[in-house]
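Enquirer: Just dropping this structure here.
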Amino acid sequence: MLAAPVLLLLLLVACPSSSGAQLPGHGQAKDVPIATNGQPFPWDRMRLPKTISPFHYDLTIHPNLTTLHFTGVVRIQLDVHEDTSIIVLHAKQMQISNVWLLAPEGVRPLQVLEYPRFHQLALLSDSVLTKGRRYEVQLGFAANLSDSFHGFYKSSYRTSSGEVRVMASTQFEATFARGAFPCFDEPAFKAKFTIRIVREPRHITISNMPKVKTVELPGGLLEDHFDTTVKMSTYLVAYIVSDFLSVSKTTRHGVQISVYAVAEKINQTAFALDAAVKLLDFYEDYFDIPYPLPKQDLAAIPDFQSGAMENWGLTTYRETGLLFDPDKSSASDKLGITKVISHELAHQWFGNLVTMEWWNDLWLNEGFAKFMEFISLDITYPELQVDDFFLGKCFEAMEVDSLSSSHPVSTPVENPTQIQEMFDDVSYDKGACILNMLRDFLTPEAFEIGIIRYLKRYSYQNTVNSHLWESLTNICSSDDLDEGRMKHKEFCSQRDLQSGVSKWYSGDELDVRAIMDTWTLQEGFPLVTVEVRGREVRLSQERYLKTDDYSLTEGFLWQIPLTYMTSASNTIHRFLLKTKTDVLYLPEEVDWVKFNVDMSGYYMVHYAGEGWNSITKLLQHNHTALSSNDRASLIHNVFQLVSIEKVRLDTALELSLYLSKETEIMAVTQGFGELVPLYKLMEKRDMAALENQMKDYIVDLFRGLIDRQEWSDSGSVSERMLRSYLLLFGCVRNYAPCVTKATQLFNSWRDSDGTMSLPVDITMAVFVIGARTPEGWDFLFEKYRRSMQMSVKSRMKTAMAVSPLQDKLQWMMEQSLHGEVMKTQDLPDVIVSVSKNPRGYKLAWDFLRANWHILIKKFDLGSSTISYLVTGVTNQYSTREMLDEVRGFFGSLTEESGSEMRCIRQTYETIEDNIRWMDTNLPLLQAWLDKRSHRAVHEDL
């Protein structure tokens, strides 16, 4: 699954959201569980027993899109592993009827007990099911289509003539298949599925596999029969009933790719179709494993909570994640869509073919898919310059991983809320960053051999962390699965001549598992302190943690693959730091040393003594001596070190002065990423004078770069994304040349009734200025309502949410909740955008509190959507009064309404950190800005 699209613009951050969860339960019920009929329930654990496993489901579903109800029958073939007379499986919020055991001795009814707390059914047989034999059970079921975004749910869209059309679609990850049909809803219970769907002639149906035939039923209904799937987990089952149209192409390897969308948007599917063909071919070659199904469909769903879902053979997407209009979509839309498709198609191997044993190792799915986005696009779409954006993922992961409420990449989870909480920046982004570090450490060639071995060894099976580390160890030892790969033989014969890994650590054999366990089994990440004395480099490591309780940093130790370069040589030197402290010796004395080259390692670096001063000097006089990734990581690290009082704020601000010469997107956006939050904290307090001084400093720093931007769509993807970012910033900050130009363009666009063609990259800046007046806002909303272009709608929506017009902001949140004109799937983005708006933050906080119970029902407890709402609305508060207010609200919740969620602990910690930062640094910031403006006046004289 993929988090919803990210628009990291001036901290209007639209962050991950993903599929939902259910009521919290505990792994162990304290008393004997009691079924709904008052009888004791024969199983007391949340995880299903392993005495029985399914190997085939025959599933018939009949949805009624008029009554919004569905009925069905499922026949499950079972293998019995131990004698038992009880079958325990999952079903949630459905009526169960006609339950039969189909045994060799004949057909017998089974007694049914229900235990809703764990979403379990127990089927009781009056005779023993014998170990080693196969049986079949049949269950009838009925339920309402869900009105959330998971299970088998209702979706709708409006045609340009205003007609509302209804469809039904599925989203089963993580624990929602049980809401659509009775099943063994855990990832390790893999089975094959044969699906039939009843429909009206005006609809079509699609599922994981191709349709083999359609049968006419009495009453004018049709029944579509689909081919049997490969062996897979329940969360990957998918089916859709709709009136979509499709376009198709065939890959070089003979797989049919189709993109499905509503009729009026089918002309926006060409880019996704070509991308899917190209990427599926790439993965088949890269993994050296054929894609095992005859087809792969990509469907754009009008109502969709997360970004996309990797159902095997039928991947589903938000419309903004799939639909692309060459004339109206931006460079960042193209990058975003290509990344989403590459993520879901990577899952067809990582996740679908090889699946984690249990949700505690979700990162084996998500970290890999996130990482493969960058590997695949670097090769298939070099023009997208995807490498310019990888670092941002690691910085985002560090943001949550620097709090004591963080969790290890691999962490125990039991109940559905905890499972949902695994779909976070740690599983996705930290997962990808530690894989990137490992690839750099082992060499890309060795890493590729190891992951192919992993996929081949565990195809159609379930894995745990250690299976991956074993596959990446001793990759040149003979393994019959690797035979026949020329590239690998070549690599291993060359490696015998000069070992790629020996450059890291001589002596003992490299122990991948021992190294990687330190990154996956403990939370957080290391801060490496470097002190250079002559030729001697002293190293020490500790946990980086935003806290005033330093005892919390004790007891952590990582094996860190350090890389460094110096003023004396461009060579990248490598050293594996396994101990708390160590010493390196340089061949000669140097002016500067830079550790964590290109930030390929998931750790921060502090340069003690004169270290930061020598780096600041280097950046001032010759910043291109370091790569743009190195510069971005220095900006990030120095400001983050201010938070834990390792570095003074004025040291970080002096370093930031070099940004007036910076032109590369990663370093520029990181500069904004560290400086903008400082004034965002002030906007929510009464300190206008300092706030404006800070804003002026940032505008001044980037004025040269903003002035050089053309109001057009020229240049590379990175240059175009940077242009959008800078012009939007200039307009939001009222930089006169930007505001004048944007006002003039908005007026011309409005005079043409929206028909004038604006350069795509500048539309955001133009819309933001236009939305400042009631007339401009209303005009924008009218165009939003009528547009069929998803990317344009998305930009208009963001612009409307940063308007200073409070009544409009309130109305927008209410409309999004209502879901008629503005989709409820976009509500989280709207609320968080309003909360970042200095005129709207109180409205957003009041709205979140007033509608809390509706939001957790719609988006689900533990989901990253709820986490994004909680942290997004509160993470810029920095006063004790607001902390008390936030604690007061979340502290009043029950466990059923979310009191135990991790995001609430993250919110408390973030506000506490903000308070500490402001208490310590406001006087320093004031003094530095005063001194600087004094300096600037003297320079002007």
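If you go along the chain as it appears here, the first residue is 1 and each next one adds 1.
Heads up, the Cβ atoms here are built off N, Cα and C, so glycines get one too.
Got these off TrEMBL a minute ago, pasting:
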- GLU344: active site, proton acceptor (ACT_SITE)
- HIS343, HIS347, GLU366: Zn(2+) binding site (BINDING)
- 54-236: domain 'Aminopeptidase N-like N-terminal' (DOMAIN)
- 271-476: domain 'Peptidase M1 membrane alanine aminopeptidase' (DOMAIN)
- 592-912: domain 'ERAP1-like C-terminal' (DOMAIN)
- 1-20: signal peptide (SIGNAL)
- TYR428: site 'Transition state stabilizer' (SITE)
Enquirer: Where TYR428 (site 'Transition state stabilizer') and HIS347 (Zn(2+) binding site) are concerned, what is their Cα separation in Å, rounded?
Expert: 13
Enquirer: Around the Zn(2+) site recorded as HIS343, HIS347, GLU366, what other same-chain residues have a C-beta within 8 angstroms of the site's C-beta center?
Expert: MET1, LEU2, GLU310, GLU344, ALA346, PHE350, GLY351, ASN365, PHE368, ALA369, LYS370, MET372, TYR428
Enquirer: Taking the Cβ of GLU366 (Zn(2+) binding site) as reference, which residues of that chain separated by at least 6 in sequence fall under 8 Å from it?
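Expert: Listed in sequence order: MET1, GLY351, PHE423, SER427, TYR428, GLY431.
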Enquirer: Between 0 and 100, where does the mean pLDDT of the domain 'Aminopeptidase N-like N-terminal' (54-236) sit?
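Expert: Reported value for the domain 'Aminopeptidase N-like N-terminal' (54-236) is a mean pLDDT of 96.
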Enquirer: Near HIS343 (Zn(2+) binding site), which residues of its chain come within a Cβ-Cβ distance under 8 Å, counting only those 6 or more away in sequence?
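Expert: HIS343 (Zn(2+) binding site) has long-range Cβ partners LEU2, ALA308, GLU310, ALA369, LYS370, MET372, GLU373.
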Enquirer: Same chain only, sequence gap of 6 or more: which residues have a CB within under 8 Å of the CB of HIS347 (Zn(2+) binding site)?
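Expert: Within the chain, HIS347 (Zn(2+) binding site) has Cβ neighbours under 8 Å at GLU310, ASN365, ALA369.
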